[in-house]
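Worksheet for the structure shown next.
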């Protein structure tokens, strides 16, 4: 019997919001029904991690959107996993396509960050995904498997890892992978984990989808057997995020 994977919904607020509007969003989330079978995590901008943790109901966890690969030091503008934990956050998003493509983070650096964050006791939402030209060239699998390998090489305990598949061409573009496209990649990723890690990890690791997820698209995506939740961008700042949290209901 395959283990039941708890549905996981992450809200990535990116570089958005001020205390007033985020406070209003938090009030909406605190009043929302969060199903017992769903884990919800919100990732505010670094400046608002403490604010979000103090205001959010304990049923919703808090994540950082990034961290560095060491504990302390002369790294201007960076934040360490220890600092993130000190603020009450328990997760970190690593390898997001915007970190890869806007800020030039390499697979190697992302792997080092994953290793350090896990060693420090944070849960990791590890992001992978292909660009449009890579999908059109037919190398989606090659790209996401290479990205996954670097992450896997740095993971000792998979119970603290959620894999987020985000086709880069679907992020912030309004284009969503079809449920069938998402399922196909998720199924292949689970197969990769089975072949390259082990069957237990493949069965228990949650693989979530990111890329223009909305209240309108979430239910059909959530019905796919290998889609274990979502990493939501723009829609996580709107009341429809509550609909996405309840996509399995």
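Indices start at 1 and increase along the chain as displayed.
Cβ atoms here come from the backbone N, Cα and C positions, even for glycine.
Cβ neighbours of residue 12 (substrate binding site) (same chain, under 8 Å, six or more residues apart in sequence): 43, 65, 93, 96, 210, 231, 232, 233, 236. According to Swiss-Prot, the substrate binding site annotation covers 12, 14, on the basis of sequence analysis.
Among the features that Swiss-Prot reports, N6-acetyllysine is placed at 14 (among others). On its own chain, residue 14 (substrate binding site) has 45, 65, 98, 233 as residues at least 6 apart in sequence with a Cβ closer than 8 Å to its own Cβ.
In the three-state DSSP reading, residue 68 (3'-nitrotyrosine) counts as coil. Annotated 3'-nitrotyrosine per Swiss-Prot: 68 (among others), in sequence order.
Per Swiss-Prot, the feature phosphoserine maps to 80 (among others). Reduced to three states, the DSSP call for residue 80 (phosphoserine) is coil.
Take the CB of residue 96 (active site, electrophile) and look out to 10 A: across all protein chains shown you find 29 other CB atoms. Annotation comment: Swiss-Prot describes 96 as active site, electrophile, evidence class sequence analysis.
What Swiss-Prot records for 106 (among others) is phosphoserine, and it gives similarity to another entry as the kind of evidence. Taking Cβ-Cβ distances under 8 Å and a sequence gap of 6 or more within the same chain, residue 106 (phosphoserine) has no neighbours at all. In the three-state DSSP assignment, the secondary structure recorded for residue 106 (phosphoserine) is coil.
Residues or ranges marked as SUMO1 cross-link in Swiss-Prot (evidence: similarity to another entry): 142. Cβ neighbours of residue 142 (SUMO1 cross-link) (same chain, under 8 Å, six or more residues apart in sequence): none.
Annotation source Swiss-Prot lists N6-acetyllysine at 156 (among others). For residue 156 (N6-acetyllysine), other Cβ atoms within 10 Å of its Cβ number 9.
Annotated phosphoserine per Swiss-Prot: 159 (among others), in sequence order, evidence recorded as a large-scale study or a structure entry. Following the DSSP three-state reduction, the secondary structure of residue 159 (phosphoserine) is helix.
Under DSSP, residue 166 (active site, proton acceptor) is assigned to coil, being neither helix nor strand in the three-state scheme. What Swiss-Prot records for 166 is active site, proton acceptor.
Annotated N6-methyllysine per Swiss-Prot: 194, in sequence order, evidence recorded as similarity to another entry. Packing around residue 194 (N6-methyllysine) is summarised by its Cβ count: 14 other Cβ atoms lie within 10 angstroms of its Cβ, all protein chains included.
Annotated N6-succinyllysine per Swiss-Prot: 194 (among others), in sequence order.
If you look up Swiss-Prot, you'll see 212 (among others) marked as phosphoserine, on the strength of a large-scale study or a structure entry. The Cβ of residue 212 (phosphoserine) has 20 other Cβ atoms within 10 Å, all protein chains considered.
A coil conformation is recorded for residue 214 (phosphothreonine) in the three-state DSSP classification, outside any helix or strand. For 214 (among others), the entry in Swiss-Prot reads phosphothreonine.
Counted within 10 Å of its Cβ, the other Cβ atoms near residue 223 (phosphoserine) come to 12, all protein chains included. Here Swiss-Prot flags 223 (among others) as phosphoserine, drawing on similarity to another entry.
What Swiss-Prot records for 238 (among others) is N6-acetyllysine. In three-state terms derived from DSSP, residue 238 (N6-acetyllysine) belongs to neither a helical nor a strand segment and is classed as coil. Annotation for residue 238 (N6-acetyllysine): no spatial neighbours, criterion Cβ-Cβ under 8 Å with sequence separation of six or more.
Annotation: 80 carries the greatest number of neighbouring Cβ atoms among the modified residues 80, 159, 214 [cut-off 10 Å, Cβ to Cβ].
Taking a C-beta cut-off of under 8 angstroms and a sequence separation of 6 or more, residue 166 (active site, proton acceptor) has the following same-chain neighbours: 96, 97, 127, 128, 129, 209, 210, 211, 231. Taking a C-beta cut-off of under 8 angstroms and a sequence separation of 6 or more, residue 68 (3'-nitrotyrosine) has the following same-chain neighbours: 75, 78, 79, 80, 113, 116.
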